[in-house]
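Annotation source TrEMBL lists active site, proton donor at Cys71. Taken from TrEMBL, the feature active site applies to Cys71. The active site, proton acceptor annotation in TrEMBL covers Cys217. Among the features that TrEMBL reports, substrate binding site is placed at Asn11, Asn62, Gly72, Asn73, Asn157, Asn190, Glu208, Arg209, Gly218, Thr219.
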Amino acid sequence: MQFSKWHGLGNDFVIVEPEKNPGFDFRGSAEHLCDRHFGIGADGVVTVRPLGGSAFEMRIYNSDGTETEMCGNATRCVGLYIRKNKLAAGSEFELHTRGGIVRPKVLDNGSVRVDMGEPHLLRGEIPVAGDPASGAENLAIELPGRQFSAVGVSMGNPHAVIFVPDINAVELEKWGPQVECHALFPNKTNVEFVEVISDRMVRMRVWERGCGVTLACGTGSCATCVAGVVTGRTARCITVLLDGGELQIDYSLNDNHVYMTGPACEVFRGQYTETR
Ligand SMILES: N[C@H](CCC[C@H](N)C(=O)O)C(=O)O
């Protein structure tokens, strides 16, 4: 099975084209492919299938083998992958995912700006109607010995954004999985702990659903910006400082879409030969 290994700020993926690997069971093999000792090693597997013109289907499998609706860092990798492999003309593409359509644009400086579409505030799994600012910090997450107040935001996939005074004091590996699997989230959730540095800069660390701690989360950075805006903590254009680097996020007042800009990098290509 031919694959290409990419990362977006250290959040890494095995990118494959099903049409070039007929019969390969990507869903069933995702966990093994992501294993950093017995497989290729990655946070996820991403399949890319042409739909005609500049449109492609993109599906994303976490390292635990579960399929997710959306992955921001992967959209930048796939945008550059399409361009680099000349799978379509131009520099703007349309990625059809389970979480909706997103639109990466490869910029002249080699970074990628993605229209990630509209966010939706969540109360657990329930969309919040009406004014997004009303009661935005609406999720009281009770854990043994600790309570967190979170803002629920969907970017196609679910996020619980938790603002904290000191991000270095957060035991991410302890609290992340407990929030991920809390009863408020029947389909689990991604968990972002955020320290506000200024109204235009935040530091964020993430425990990802189906992956654990990753170096960066694109949809989590978008959710963080939306949560910052609706709770009055940040401006609509912010820099998100992640373990793996920085993303620029713009929660546009014009169209209520969230735009994410950042890098993506191809590390190597290979042939996966294990017969399983
Ligand atoms: N683990 C996530 C998907 C990957 C999201 C993240 N890697 C990003 O860049 O958005 C989920 O189950 O929703």
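Glycine is treated like the rest: Cβ placed from N, Cα and C.
Positions of the features from TrEMBL, shown on the structure.
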| residue | record | DSSP class |
| --- | --- | --- |
| Asn11 | substrate binding site | strand |
| Cys71 | active site, proton donor | coil |
| Asn157 | substrate binding site | coil |
| Glu208 | substrate binding site | strand |
| Cys217 | active site, proton acceptor | coil |
Around the Cβ of Asn157 (substrate binding site), the count of other Cβ atoms that are within 10 Å: 26
Cα separation, Cys71 (active site, proton donor) to Glu208 (substrate binding site) (Å, whole number): 11
The residue listed as 'active site, proton donor' and Gly218 (substrate binding site), Cα-Cα, nearest whole angstrom: 7
Between Gly72 (substrate binding site) and the residue listed as 'active site, proton acceptor': CA-CA distance (Å): 7
Asn11, Asn62, Gly72, Asn73, Asn157, Asn190, Glu208, Arg209, Gly218, Thr219 excluded, remaining Cβ within 8 Å of their centroid (substrate): Thr68, Met70, Cys71, Val206, Cys211, Thr214, Cys217, Gly220
Distance from Asn11 (substrate binding site) back to Cys71 (active site, proton donor), taken between C-alpha atoms, in Å: 10
Densest Cβ neighbourhood among Gly72, Glu208, Cys217, Gly218 (recorded positions), 10 Å radius: Cys217
